[in-house]
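Q: Below is one structure. I have some questions about it.
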There are 2 protein chains.
Amino acid sequence: MPDKPDPTDAIPPPTRFPRPAVGRFSLYYRELYRLLDQGQSHINSKQLGSIVNVSPAVVRRDLSNLGTIGRRGVGYQIDQLIDQIGGVLGSGQQWQVVLVGVGSLGDALLRYRGFERLGFRLVAAFDLDNQKVNQTIGGVSILNAETMVGKLAELSPDLAIIAVPAEVALDVANELVAAGISGILNFAPTTLRLPPGIAVVNVDLASELQRLAFSVQNL
Amino acid sequence: MPDKPDPTDAIPPPTRFPRPAVGRFSLYYRELYRLLDQGQSHINSKQLGSIVNVSPAVVRRDLSNLGTIGRRGVGYQIDQLIDQIGGVLGSGQQWQVVLVGVGSLGDALLRYRGFERLGFRLVAAFDLDNQKVNQTIGGVSILNAETMVGKLAELSPDLAIIAVPAEVALDVANELVAAGISGILNFAPTTLRLPPGIAVVNVDLASELQRLAFSVQNL
């Protein structure tokens, strides 16, 4: 993995990838990293497809969209693939992330060890609860949410994670947007209606169970 | 809400809905429930679309797939829509769910209050840590994971949530499948390769941040 690159040196935005492919790139990246850690150097499209449950043809198409072609009998070089996919996903960059809302889910997110290696660094958390303010969880300081606007101006993070109750999520999101944040990962079970130019990814835990129940009914 | 139904009595599988529509139904359901709670009785496609960020035409198409047509000038009756969408999503049923792995994420899931109203009841949690076994979190008892096979036979849950480290997730999943569970919500950052006939929904928190970073780069 390269050192933190100069932001002016960033690769041009690869707008040509459809959303399902982005989801697959993220899976390829995770699994290739694991294989590299285990000492594997090459992989072919059949093996990679079998690991992430897609066909070899889909793997070959996705990777050829990156400009990468496997060598017959040898396959793809794993470290090269990781660099290329990481470039597409922005993982070669360092992203500064703040978390708002240190309830039980926020607490779990602060302790989660999977963000750092993908280039996401939690730089601060905010909560209104005096019991939590000035504590540190997972190495991240919890700051008073009443001071959030000023702290955001100081830290100028790239992304924010919202883990507050649904009723206040939109107000929090608007404060974050006003502070210049352009990407929000929203765990509050509510639809955030934000100005254009703000990226939002929603994760609704109950909706995921609903999707699962739907799949089970349709097996 | 009816009791746990006889599986032979289940509503016929509504296989005609594509996956993106299922995601939208889940959103409609959540937002319609909220509006009903606030005392609203009717809604039109423009209002509903604006709440969940899709066009009125998409709303009308989705709802007409349910066999529901709004009345001009009045719109749709919210309680009827909730019943119909809930039927598609299986939310009229009661689903018994077990959780495996009571780390910080598992802890947060046990405390999460959004599952019950959608028909998902957490009936037990399992962990290997003696400090946690026999404790209760969010009203759910934590049982010794070494007794899991027997307990599953006793409880015969419908669905399971996996929140264990990636290294052991596949072993856990195989035990769950052997016990007759046909749906797994997997939070472990690994791809579970399971026999056909088992539904898996994966939620990888780091991948969601990656998706967000990708969107921000492409704004």
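Backbone N, Cα and C define each Cβ position, glycine as well.
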Q: For the feature DNA-binding region as recorded in TrEMBL, pick the matching range from B:27-66, B:67-106.
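A: Going through B:27-66, B:67-106 one by one, TrEMBL gives DNA-binding region for B:27-66.
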Q: Across the DNA-binding region (B:27-66), what does the mean pLDDT come to, as a whole number?
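A: It averages 91.
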Q: For the domain 'CoA-binding' (B:90-191), what are the DSSP-based totals of helix, strand and coil residues?
A: 35 helix, 29 strand, 38 coil
